Amino acid sequence: MEPKTILVGVGGGIAAYKSAALCSLLVKRGYDVQALMTEHATRFIQPLTLQALTKHPVIFDTFAEPNPSEIAHIAVADRAALYVIAPATANLIGKLAHGLADDMVTTTALAATCPTVIAPAMNVHMYEHPAVQANLATLRQRGNLVLDPGEGPLACGYTGKGRMPEPEDIAEVIEALLQQERDLAGLHIVVTAGPTVEDIDPVRYLTNRSSGKMGYAIAQQAVARGAQVTLVSGPTHLQPVPGAEMLYVRSTDEMLAGVERAMEHADVLIAAAAPADFRPAVFYEHKWKKSQGLMHIDLVETPDILAIMSQRRRRGQTIVGFAAETRDPIQYGRKKLEEKGLDLIVINDVSKPGAGFDVDTNQVTLLTKSGEVNELPMMAKHRVADQILSRIKDLRAQLGGEQGA
């Protein structure tokens, strides 16, 4: 069996040197790698370097066809299993978003029908510019996988978000995409994500620190594995998951209504959201002024979405909960599993570095109602998501879809 071909498109930025490491990693993992460069990229790294690593001539001149019998950007696009553009500069991202094609990287992007991964790299202020963010949103909406840049010291002297993701991380994403089985085809999975918001007055509200990243990662991986996915999301700064039905909510009551509607015909509920446990008993119609004195807020409980859905589930439905704890996580997680009648609970200690809110990694323990415990190491959230989905698949196979009987 011939190895899958991966195209590596290199943009003209200082992070171009990292493309050599990426090419090397992919070759070592058994892929056939073809490097493409913009002419500006050749000023940062010599094509000969990538040629030596990939064992293929690097294509960077749109008018110098290596093989006169074929058109280079069409030919390489036709045989590609995946196209990764790393680094993707602000200029390159703008061209891709607007369908411009004036170099080998962008002409190939228009010709490619395979999955495309984009790894942005630029100055933090350039990355945060509304035009760049709008272009990235456009690319995501078209189904491209846009990776989050890293944070830290940048070549320009600034510190912030804009570092090209590390080659090892990009290679992991590529491998996950190419090895993905559509083993969840036929399942309808409902995922909740993010916080909910409970208003105090028109200005103030109660909420929590949930970013929604874990739930969105689960939804993304479930789509990639062939499931029909409904994502019920509280307020987040995350982009919609391509291929998922998006239901946006604000309050816990709204999230419950969305989940109830989605679960009418669904097979699995993965409740990764962190809905507020309490809401103000009284909503002040006007902003409470400091001159009015201390504000006294009486709280009442919000609906327990997980408990309600567990009680109402139909035969064959699987209910999965999350427990974000700061002490005795296994003890509290097991209690939640039993009290709410869940099939599986995902437990994490949010006080651990790298396992809390608004980060791209997590370390969790999976606990089933039969008592099976599976402690996972720290890993990227998309990999945690795959582990959770695989465990759900195994549980349903073991029980013949009889959860909730």
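Using the three backbone atoms N, Cα and C, a Cβ is placed for every residue, glycine included.
Those TrEMBL annotations? Automatic predictions, nothing curated.
Pulled from TrEMBL:
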- 1-188: region 'Phosphopantothenoylcysteine decarboxylase' (REGION)
- 4-175: domain 'Flavoprotein' (DOMAIN)
- CYS156: active site, proton donor (ACT_SITE)
- 184-394: domain 'DNA/pantothenate metabolism flavoprotein C-terminal' (DOMAIN)
- 189-405: region 'Phosphopantothenate--cysteine ligase' (REGION)
- ASP277, LYS287, PRO303, ASP304, ILE305, LEU306, PHE322, LYS336, LYS340: CTP binding site (BINDING)
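On the structure: features taken from TrEMBL.
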residue: CYS156; record: active site, proton donor; contacts (Cβ under 8 Å, 6+ apart): ASN123
residue: ASP277; record: CTP binding site; contacts (Cβ under 8 Å, 6+ apart): GLU301, THR302
residue: PRO303; record: CTP binding site; contacts (Cβ under 8 Å, 6+ apart): THR252, ASP253, LEU256
residue: ILE305; record: CTP binding site; contacts (Cβ under 8 Å, 6+ apart): THR192, THR252, MET255, LEU256, VAL259, ALA271, ALA273, PRO275
residue: PHE322; record: CTP binding site; contacts (Cβ under 8 Å, 6+ apart): MET214, ALA271, ALA272, ALA274, ILE345, VAL346, ILE347, ASN348
residue: LYS340; record: CTP binding site; contacts (Cβ under 8 Å, 6+ apart): ASP304, LEU306, ALA307, SER310, ILE319, GLY321
Three-state secondary structure, which DSSP defines for ASP277 (CTP binding site): coil
Taken over the region 'Phosphopantothenoylcysteine decarboxylase' (1-188), the model's mean pLDDT: 91
Per DSSP, three-state class assigned to ILE305 (CTP binding site): helix
Conformational class of PHE322 (CTP binding site) under the three-state DSSP mapping: strand
